[in-house]
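What TrEMBL lists as substrate binding site is Glu185. TrEMBL lists 1-246 with the feature domain 'GCVT N-terminal'. The domain 'Aminomethyltransferase C-terminal' annotation in TrEMBL covers 295-345.
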Amino acid sequence: MVPFAGWSLPLHYGQGHLQSHLHTRRHCSLFDVSHMLQTLVYGRDRIRFMESLVVGDIAELKPGQGTLTLLTNDKGGITDDLIVTNTSEDHLYVVSNAACADKDLAILRDRAAQLQATGSDVHLEVSDNALLALQGSPSMARVLQAGLSDDLAKLSFMNSISTTVFGVPGCRVTRCGYTGEDGVEISVPAARAVELAEQLLGVPDVWLAGLAARDSLRLEAGLCLYGNDIDETVTPAEAGLMWTLGKRRRVAMDFPGAAVIMAQVKEKPRRRPVAMALTGAGRAPFTSLYPHIPGTVTSGCPSPCLGKNIAMGYVEAAHSRAGTELTVEVRKKQHPAVITKMPFVPTQYYMAK
C-alpha cells in the first residue's frame, strides 16, 4: 500500500506487478479507482457552465455519450483532464483526477456561484459512490454481461448507462478506462461496492490489480498522466491534445486560455510530445537529460508486453520525428534511445457496430 493524493492505494497484490499487468492484457483485472472525484452537475444551464471551464464541445454530446476534455487556466495551461458525460438523466457526470480533486472542486464551485449570482440555473453534487474499473479486452465483456440485463454489445467506447450490475441497482457503467483495453468504470453506491467487487472477483478470469499495473498499462497505451506528462505549465497544443477541442469551440474561443492556445496552434509549438524506446539497459526515469537534443522524460518504465524500457516526454519540434536517435541519462549513466510511434501497444477500445 502507498499514499496517493490523501488516499492509501494498493501498489500491487500477491501476484506482483508483472503478472498483474500481463493478466489484464490477456484476461481482465479489477481496479479500485474510488479515489477519483465524481461530480454531478444539474440545472438547465449545466452545459454552458461546463463549457465556460473546459475546451470540449459538451453541447454536441448525445445522451449517454462522454468525452475526454481539459480544464484550462487563463494562460492556456492544463489544470486537469476530465471525462464529462452527458447522461440520459438530468445531469452531467464529471470524473476528475484524485490529485486535482481539491482544486477542481474549488474551480467548479466558484464558477457555479458566479453564474448563480447572475440568475443561471446550475448546481453541483459531489458523489460519494465508489468507482470500480474492470479492464481487459478478452474477458471483460463476457464477465460483466453475465450480471447485466442491458446488452453490453450496444455500449460503445466513451458511452455510459445507468443500470443494475449483479443485483446492485443505481450503478453507472461507462465504457472507458486507463489501460488501453476494452473496459468499464462502474460508479456504484459505496455501501454495496465490496459486494459488487466480490461478485466480480468470483470469476476466475478476474484478478485484483493495483497502481503499478495501472501506470504501466496506461504508458504502453500512450495515455498522459496528469502531474507527469501534462500540468499547468503545458498547453493542449504542446501536449498534442488539440483533438480535444471541438471545431465550434475553436471558432468561438470562449474557454479559458483560448487566445494563448490558438496562437500556439497558428505558430506551431516549439516542443512536442514523443514516445521513446530505450535501446540499451536501464529503467527510464521520470526526468532526464538529452546531451544532444534538449528535452525531458516525463514518464518511463519497463514494458512488460514489449520487454524493453519505454518512456514519454517532450523534445524540440525539429527533433520529434519517429526514428530520431537520442541519448538519455539513467542513474547518471547514458543510454541510447529512439523516438517511436504512439501507442506502444495497440489499444483495444470497443466500438459498437
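Note that Cβ sites are derived from N, Cα and C of the backbone, with glycine treated the same way.
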Average the per-residue pLDDT over the domain 'GCVT N-terminal' (1-246) and send me the rounded value.
97
Quick check on the domain 'Aminomethyltransferase C-terminal' (295-345): DSSP residue counts for helix, strand, coil, in that order please.
3 helix, 32 strand, 16 coil
